[in-house]
């Protein structure tokens, strides 16, 4: 691939992997599963910077937002309208103003609870991961329903309806994928096994959680200033929505940076046959970290804007599509959305981050290459069947809900008219912090699928039993697709004869 040629790593092992990709898309593995990659290391040119425009946009956005947040927070810190900003909002004054320090501690609770939940989840990966994932799947619906009831009780009708709809969608999704959960749990267990054997990647997650917390100190300071401002509810909500979108993008960038770092590390471990293999390059984590925060950071910023939303929409449509039945009108509409989302997935998918980590390509090129690799090998059928990413997302949402509940409960006693504002933004903070823990496992999952598509023997050498289970599942999914295709073809022929 030309992009791989122009972006070979300074590390020879990354470079040799890229060369292998150019020469046929498979790693040179012998019949017995042993690695035949040449250990020779030769100097290679540095990687090229990718998606620099988006790197600039993200940097400018971060600097500008930090200034705005500081102004919003300082304006209400210890003195109302310290910077005399209220004169610009005198036409939308509706409520009595508060002070930043009134609400800032509520966000401190959100940061603390979210951090504790994320770190506890990471610490329990090795021994209780399967149970925690099952809890995430089965408890989330109940939790959403309970919050919905509490919102109705507090006369927050809009939010009560919103959480009730969320509970209903979650229940329908779990019902639609209940048969896929055993395989998804198997994949997650193996991913946990992989990351648990790499303690350095766990430390990366801890470090990035601290970095996220530092940014949240500034963000929550400005958000507290907005909540305390003298603007009406409409003005405050609009400002909080803008700030929340910014926080989501920043959190996604940090999560995907961890994704790239961990993916590069896991890919190397699978390629070389183990962390302690003699052919493993020195300080692989350091190299992966350097690439992620320099040459590939623009690609991470770009992909973080769209990937999460498109991926979530794809899960929901797939689950709904499988339960429609014979309603042809509804099926036609859903199929249109399905094919539209599938087209977007070709350009925005989480597997791009593995290609970015290993080959240093741009985001769109990485996403296309990963998807073409899956489609050419048939592994896309297995990925479509797997819902491990959705299970991890459920855990992330549950962590965010717990965080939002803790902050919202305190806000109820401190300032009952600000409960929803504080609770919803605290929930977002909790989701990001817990998501930083979840992304470690998700990175291992994506790397496993990329390696299986590149050369299944890499997985066979790492875990022969898991390789057999994946191969059997892939065979079943391909047979299922063939049967459905024949059924559709037969149905169309029958309709044409009838007409």
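Cβ from N, Cα, C; glycine included.
Since the structure is predicted, the reported quantities are computational estimates derived from the model, not experimental observations.
Feature list (source: TrEMBL):
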- 1-16: compositional bias 'Low complexity' (COMPBIAS)
- 1-45: region 'Disordered' (REGION)
- 52-74: transmembrane segment (TRANSMEM)
- 104-125: transmembrane segment (TRANSMEM)
- 137-155: transmembrane segment (TRANSMEM)
- 161-183: transmembrane segment (TRANSMEM)
- 204-231: transmembrane segment (TRANSMEM)
- 237-270: transmembrane segment (TRANSMEM)
- 291-310: transmembrane segment (TRANSMEM)
- 390-413: transmembrane segment (TRANSMEM)
- 420-441: transmembrane segment (TRANSMEM)
For the transmembrane segment (52-74), find every same-chain residue at least 6 residues outside the stretch whose CB is under 8 Å from a CB in it, and list them.
82-83, 85, 100, 104, 218-219, 221-226, 229, 239, 243, 246, 249-250, 253, 297-299, 301-302, 305
Need a quick answer: max count of Cβ pairs under 8 Å to the transmembrane segment (420-441), which of 104-125, 137-155, 161-183, 237-270 is it?
104-125
Any residues 6+ beyond the ends of the transmembrane segment (204-231) with a Cβ under 8 Å from its own?
66, 68-77, 80-81, 86, 89, 92-104, 106-108, 110-111, 115, 118-119, 122, 239-240, 243, 246-247, 250-251, 254, 257-258, 261-262, 285, 289, 418, 421-422, 425, 429, 432-433, 436-437, 439-440
Excluding the flanking five residues on each side, which residues at least 6 beyond the ends of the transmembrane segment (137-155) place their CB within less than 8 Å of a CB in that stretch?
161-164, 166-167, 170-171, 174, 181, 391, 394, 397-398, 401-402, 405, 412, 419-420
